[in-house]
Every structure is written in structure tokens, then in C-alpha cells.
Amino acid sequence: MDKNGPIGIIDSGVGGITVLKRLLEILPEEDYIYFGDTLRVPYGNRPKEEIEKFTREIVNYLKKQKVKAVVIACNTICSSINKNDYEILMFGILEAGIKSAVEATSNGRIGVIATKRTVESEAYLKGIKRLNRNAMVFQKACPELVLIVENGFYEASSIYSAVKKCTEEFLEKDIDTLVLGCTHFPILLPFIERVVDNKVTVVDPAIKLAHEVKKYLVENNLVKDKKGGQIRFLVTGEKENFIKVAGTFLNDKHIDVLRIAIEELK
């Protein structure tokens with residue numbers, strides 16, 4: 001494995017930018033290839049078999065780009081595949097979210113907002129219970145929040161109303177921890193924190209995931225030894241909304257995005 005190879009980041013759309021941002025904070029000299037499957041987003045309502053197929057196509061494409069590792073920045077993908085089936089070093093956001101939730105909670109009452117597919121898989125429920133069998137896990141699918149992010153936002157009042165509708169019922173459950181079980185959701189963090197106020201710890205799994213990636217690279221002498229990190233953005237759909245959302249979140253209005261035809265993944 002070439003330590004100077006790029007790190008691949010996969011998401012169904014623009015949400016994985018939240019993971020890229022955390023990685024850039026602690027591994028700024030690494031090269032990254034971000035792949036957003038924006039033509040086929042959202043994944044959350046698709047069957048497991050279809051998600052597996054799409055993921056295999058993207059991973060194989062990234063292998064051809066000589067990536068040294070793949071970061072799955074999509075909880076829906078993580079809940080649909082077995083990472084051991086892929087012959088490449090792979091890190092997953094969902095596992096980081098499970099660990100973060102268990103570490104954050106004091107009363108063992110944890111809320112999870114995610115996509116329909118992630119909720120139905122019960123991956124968070126089972127994972128949290130595996131680490132804390134006494135935990136109470138309350139889940140809710142919030143596909144409308146994914147669409148808000150992918151479409152490049154609406155007016156603030158509309159976003160707040162959608163976030164409130166999705167999250168306020170958790171407060172009645174006396175949760176002390178809320179997991180953002182979809183990488184799109186940290187983009188809406190100011191609105192989420194406004195709804196839950198100071199009563200709940202909001203967990204962004206990308207923080208732990210980024211530290212796990214760095215820890216592995218350091219311990220296995222895989223940290224890039226050349227200076228000056230570069231980022232390549234690849235999408236399968238239209239570029240405009242991706243550039244708008246990603247550019248805003250990364251504070252970079254001039255990101256270059258290349259569109260990849262689905263046929264190139266076959």
C-alpha cells in the first residue's frame with residue numbers, strides 16, 4: 001500500500017462533506033477523493049441489494065484511482081454492506097456513531113435520527129445495545145432533512161420547522177444524547193441544537209471517525225510524507241447544488257467538481 005495514495009470518501013450525495021471537513025482538521029496534508037453519488041441520491045429508501053451494488057461500483061472505481069483507504073461517510077451504506085467483503089482498508093461512520101453515543105450518554109437514553117434504511121436495519125439499536133445492554137434507543141427516519149441539504153437549503157424558518165418536527169418528540173423520551181445518524185445532518189447542526197437546547201448532547205460521529213482514521217494511519221506508518229494536500233470532488237449528478245452546499249460548509253467558494261458518468265462505474 002502506497003502511504004502517499006489518496007483517501008477515498010464515499011457518500012450518496014453531499015452529506016459526507018461533514019466527514020471530509022473533520023478529516024481535514026486533523027489530517028490536512030493528506031490527499032482525498034470525495035465521491036458523491038448525487039445522481040442516485042437518496043440511498044435511504046433503496047433496497048439493501050441495490051445499495052450494495054452501487055457501493056461495489058464506487059469502491060472499484062476508487063481502487064483504480066489507487067486510494068490507500070476508503071471512508072464510508074454514509075450511515076445507510078454502512079448499514080447495508082459488510083466491510084469485510086471489500087479487499088481494501090475501510091472505515092465506517094456508523095461504527096463511530098455507535099461508540100460515540102455510548103461514550104456520551106449518562107442516563108442511557110439515546111435518540112437516533114437517520115434515513116429509513118438505517119433505521120430499519122436497526123444497526124444503531126443493535127450496536128448500542130451490544131456495548132450497553134441497558135441502553136434505551138429511540139430512532140426516527142428523517143428523509144426530508146436529507147432532501148433539504150441535497151437541494152441546497154430553503155429559508156431558515158422552513159429548515160427549523162422540519163428539524164423541529166423530526167426531533168422534538170425525542171425530548172419527551174428524556175434522552176440525554178442525540179446521534180446524527182446521517183452525515184447530511186451536521187450541516188443542519190445550528191437548527192438541531194436550537195430545538196434540543198442544552199438538554200441534550202448532540203453527537204456528530206464524524207469527529208470520532210476522523211480520529212480513528214488518523215490513529216490507524218499513524219500506528220501503521222501510512223501517514224502521507226509529502227506536503228500539500230489536494231482534494232478531488234467527483235459526482236454522478238449535476239454539480240451546481242453540490243458546489244453550493246459543499247463550498248458553503250467548507251468555506252471554499254471555488255471548489256472544482258468533476259462529473260462522472262454512471263457508465264464509467266460499470
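Using the three backbone atoms N, Cα and C, a Cβ is placed for every residue, glycine included.
Taken from Swiss-Prot as is:
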{"type": "ACT_SITE", "residues": "Cys74", "note": "active site, proton donor/acceptor"}
{"type": "ACT_SITE", "residues": "Cys182", "note": "active site, proton donor/acceptor"}
{"type": "BINDING", "residues": "Asp11, Ser12, Tyr43, Gly44, Asn75, Thr76, Thr183, His184", "note": "substrate binding site"}
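Annotated features, which come from Swiss-Prot, shown on the structure.
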| residue | record | CB count, 10 Å |
| --- | --- | --- |
| Asp11 | substrate binding site | 30 |
| Ser12 | substrate binding site | 33 |
| Tyr43 | substrate binding site | 26 |
| Gly44 | substrate binding site | 25 |
| Cys74 | active site, proton donor/acceptor | 32 |
| Asn75 | substrate binding site | 36 |
| Thr76 | substrate binding site | 33 |
| Cys182 | active site, proton donor/acceptor | 33 |
| Thr183 | substrate binding site | 31 |
| His184 | substrate binding site | 30 |
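The recorded positions near Cys182 (active site, proton donor/acceptor), taking a 10 angstroms Cα-Cα threshold over the set Tyr43, Cys74, Thr76, are Cys74, Thr76. Pairwise Cα distances among Asp11, Ser12, Tyr43, Gly44, Asn75, Thr76, Thr183, His184, which the record gives as the binders of substrate, peak at 12 Å.
Within 8 A of the CB centroid of the substrate site residues Asp11, Ser12, Tyr43, Gly44, Asn75, Thr76, Thr183, His184, the other residues of that chain are Gly13, Gly15, Gly16, Val41, Pro42, Cys74, Ile77, Thr115, Thr118, Val146, Cys182. Under the DSSP three-state reduction, Asn75 (substrate binding site) is assigned to helix. Cys74 (active site, proton donor/acceptor) and Asp11 (substrate binding site) are 5 Å apart (CA-CA, integer value). Here Cys74 (active site, proton donor/acceptor) is positioned 9 angstrom away from His184 (substrate binding site), judged by their C-alpha atoms.
Thr183 (substrate binding site) sits 6 Å from Cys74 (active site, proton donor/acceptor), taking the C-alpha atoms as the reference points.
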